[in-house]
Amino acid sequence: MTLQDVSSMVSSYNAMDLDALSSARLAPDAASRISESQPFTLDAWIRFNGLAARTTVLEQEGVFWFGSQGSLIGFHFAGGPVIVSDPAQPSLKDGRWHYLCVTFDGSMVRLYLDGQFNSGESAMPTRAPSPNPVVIGRALQGFVRQVRVYNTVLEAEAVQRAMFGPPPEGTVLVDLDFTVNPPIDRGAAAHAITLENNARLIQVTPAVSLRAGGFVRPMGEPLPNPGGARIDPYTVQAWVFVTAAPDEPHAIFVNSDPDLQTGMGLCVQEEPGTDRVKVLSRRGSGGEDWQRLLSTASLPMKRWINVATTFDGTTLRVYLNGVLDSAKACPPLPLSQPRGELLIGAGSVSADALAPRTFQGFVREVDVWKRALSADQIQAAMAASPEPDAEGLAAAYVFVHGFVGDFFQGAPVALAEGALLSGQVSPAPVTPPMPPRLAREDSVPLDAGLEAGLMASLRAGLDFSDLERTHGAILDDSMARDIAMFTDPDDRALVENAWRKARRTLAEDPAGLGLLITRHEINEERLLVAHGPTESTVVFRASIHAIDDCTLWRINVLLILVVGFIDAVTGLGARSTPKAVTLLGEAVKESSVAGAMGAMGTGLTAAGVIHVGAALYKTGYLRRLLVALLEVGVWMIVRLVVQIVACLSGVASARLVATLAATVAALVVAWLARPEKCKPLPSVTLTSLAFDFNPAGIPSNALPIRENFATPLPVPEWIPGRIQPTEAPCAYALSVVSDRTPWIRATVTLSRATPRTVKIRAVGGGLLGSIDPTPLIFAGTTAVVYLPLTHHTLAAGGVRRQDVEWTWYYQIDTEMWVECATTRHRVYVTLDLPTQPWQQTGGRANPQLPWVRVLDHACDWASGATTREQVLEAVTVRVNAGLGLVYDTQNGAPAYTTSGFWGLGQFLCTDFLDFLATRGGRGRVVNCTDCATIVTTFANILGTNVCAAIMGSGTGFECNQILALGTETWKKPFMDSSTGSGGVFRFHEVAWTGTCSYADPLYDACLRYDTGNYPWETTPHTAGLPAGVPFSVFGPGPSPFVPLAAALTRTTYRERLAANTARGIPACVPQGSQDNTNSGRRPVV
């Protein structure tokens, strides 16, 4: 089969690549403006691949230097001091594109980073021209796309616009364009550019680089789970660039460990003897022939390729570059899994020869679907990333926009073991000269969409001079709210002046706002008309039967908001387009967007605009709107999205809020033109969630828990402001919820009372499950509702600790569902009800309620355990080998337990938790009582009901050689090095089950003993951990004692620990729990 080369379908951009020794050079006259001491501006787009002590962006020796010092940008005139950026402000980041700018007005140098003013100082330039060449990129390791020299000083607003947009006309003297090969100067002088010392033009394809073990782990909840339900349909499609592929499979995407008979994997492996790869699709472990499908054709390495696999419930298929290659019938998988366990670029650390290894190369995108796509749909997905609302889309992991994440759900991913967003680099192809940068179709006259006289009439009707009198209070409130965001007097003045200017413009020249969009009904059509300073244009029209007035109003509001937001953040003049309006028609139906817009009804502010922008970003619409409104390429989208994400994730600056003042003023106009039937419905707020409650007739089934000894856990566990999962935990016992439905209690409030029907639901929730739509009954504006966790899977995975997230929605009557809250919780699942010392009675003030800090460790140590024995063994193993403890075999003194001579003995659990967290507490040296108590306490919080008990006799008992906790040397305990005597346990304490007698299994975390046939010998030894071993299979034994003569092949504790002498085995006798220890379950303090 001959496959088409599809590498050209992958978007890329060009730049100059520098390696710290290379550079570019111009003739000396390129810097004449600077040597003549005239006002000037310099700017550049740079990506630093390593922040050196000093690099050059642009320099002429003896005249000036502009570049970086570490993470700071700097400038100086020859002979003058170096002016650097403020280290307290945002600084340069390794591996990111940055826009650097410096201006000089004749006396003051000002530095800008990423469009924002950073610092400034006075400076005096040299007046002597220099014969030295102008150098670009000396000592710089990274990429350069553009360097410009202006004949004027750009003010702050102009700097921001020049960051992405074309420069002011007639201002650029030198315009070095490294996006074409060979590079050119688009300035009037057209200086020749000389590349030196291996400087080169490259083509960069944004992607994540996976080499030397690097991989990506998708985060969020719930994760896609292809192959997790045994016969569930799915599609996984990826753009990859393979750099190396040894004979074994290399994983592109896997769900579940390859050792398990569930999930799936998409891999590549080398075609022997060639530089090509085949594609392997596996189901489950891939250990059987019916679980594997290897492509018949192959694809070239070191070229972008598109690979996909689909499963429709019965048939597994593989596609290469959009073409069906092979298919195979596959029966259901043996096992299911409740949630996705995803990795991109890695398979498993398993030693299984069939387990896929780490992918070597680059990954641009991985799309996961909950349905089997057809061949046509596979090819369509190759041509463009899927839309967020595409049917069956589960995740779109895209690595091309300057950050990583799932564009479908907005969930993050983690880059692990050296995975980098470096992009795939290759030599740039020779290109013909390109038109001026960022040229668009602005030069083509636009059809206004209406007869000229009618449009002129509409513009003439833009009169809002009376708005201050009729609705000045609304404008006053919006302005006051934006000003109140800041405390610095200069920031407050900046925002206030911007607002006053916007209000004057609205009253005197409303079209001058540049953001005004009005709604009209003309000739049986509904129209949106955008008004600019010089012209008005129809940006949307439809029959009055095709769209209702209320929906059009929502689009109108959202269009003003989006155009203003993008313009404020990027500095580019966004232009309303029919495509953008169509997208906004879809976006207003998104619950999170609708919720953010609804929230604006309580006060139109810049913060509200940013909130809606964040909702559009989360739903994936913002990226698509950038393309529709700005019509720019992939590199520009990379930078714009990074810039926008920075604004959304940080605290809004005064400059951004000031820039949004005109947007908010235009929004006020549109908001006041709201149709009567579009008046906002009441908003719904989730005000609390409670897990541990006990009203009559409603079984919560959650366990009463507390934070630690000193701090109870407040109920309700969640209220607004508790953001982290650890701030709103809950716990359930597997034995209790395995055949029951737990309930939670929610409190909901309305912004105002309403007779309408209000429902609430939640999606996500992980092992707690989603919550079905439930009607609310309000008493005034408050409703308390009990919600069943009908879809929980608490009992499906044994002991667990899982962070989950619910997204909450409300619906009024049959309106759209609106997002109202996100709650995050840490869920603990124990095996059974906690047992002593842990209690479930006594009220919330009882310090013996299970502690969350202990559950954190216990649920982690015993994760997946489904039996009492598994829990005890897992806890014993962790205490013995995973905590860094050391057994005191010299003094035998306890560190974390107190004696019971003057009262009940206690476990100093708070100190031990401090040791686990900080290696502080009472140190790492412990004795057998400490170990027995730790195992007992941490296992019993999971419901094992084990106790600490002792063995021995009045004179103690002799021991065989052991490996004491924290050591790797076989020796007898408590030996006197000077006399050679000792080796005796006065007593020994362990975690013991049952009645703590001969046949009852015990768990000893403080030592390992010899499991070989002759444990009483000194060598050789076979180490084993006593976990679940009966104390003695021989019972009390004969009297008088007869030493064991034959090989010891049975699993028995005493006969392996105690010496095979009269002072050993017969002197080691069960003694039960120590006195004053709460029957071997010491209370925690």
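Cβ atoms are placed via backbone N, Cα and C, with glycine included.
In TrEMBL, the region 'Disordered' annotation falls on 1066-1085 of the listed ranges 966-985, 1066-1085.
Counting residues 6+ beyond its ends, the region 'Disordered' (1066-1085) has Cβ neighbours under 8 Å at 709, 835-838, 847-848, 851, 854, 897, 899-901, 903-910, 929, 932-933, 936-937, 940, 947-953, 955-958, 985, 987-989, 992, 996-998, 1031, 1036-1037, 1039, 1041, 1054, 1057-1058 in the same chain. For the domain 'LamG-like jellyroll fold' (232-376), the model's average pLDDT works out to 87. Residues of the compositional bias 'Polar residues' (1071-1085) grouped by DSSP class, helix first, strand second and coil last, total 0 helix, 3 strand, 12 coil. Residue counts for the domain 'LamG-like jellyroll fold' (232-376) by DSSP state, with H, G and I taken as helix and E and B as strand, are 5 helix, 70 strand, 70 coil.
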